[in-house]
Amino acid sequence: MPLYVPKSINLSLNEEQLKAVFRKHDVNGDGCLSKDELMKVFRELGSRNPSWRVRRSLHHADGNGDGTISLEELDELVKYVAKQGYGIN
């Protein structure tokens, strides 16, 4: 009898795990997540439309309006992302 193995498994992440995923994508180490870096995160998290999700994330979490997410704004971003139900696919 063949064993059924799903192609992907959606795992929920807690807020600390989500923070770690976002921090990992700060490739230039400036302490801020650019739009490109955010795009890569949302692709990893399985977003079907990552560019739209980046715009919505910036709207919800970019408190100073500079177009990036700083470490101080990361908590708001993670709350928004967790509320949307994102995990690792």
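Placement of Cβ uses the backbone N, Cα and C atoms for every residue, glycine included.
Bear in mind that TrEMBL entries carry predicted annotations, made automatically and left uncurated.
Pulled from TrEMBL:
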DOMAIN    13-48  domain 'EF-hand'
DOMAIN    53-84  domain 'EF-hand'
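In this model, the domain 'EF-hand' (13-48) carries an average pLDDT of 92. Residue counts for the domain 'EF-hand' (53-84) under DSSP (helix as H, G, I; strand as E, B; rest coil) come to 19 helix, 2 strand, 11 coil. Residues in the domain 'EF-hand' (13-48) partition by DSSP class (helix H, G, I; strand E, B; coil) as 20 helix, 2 strand, 14 coil.
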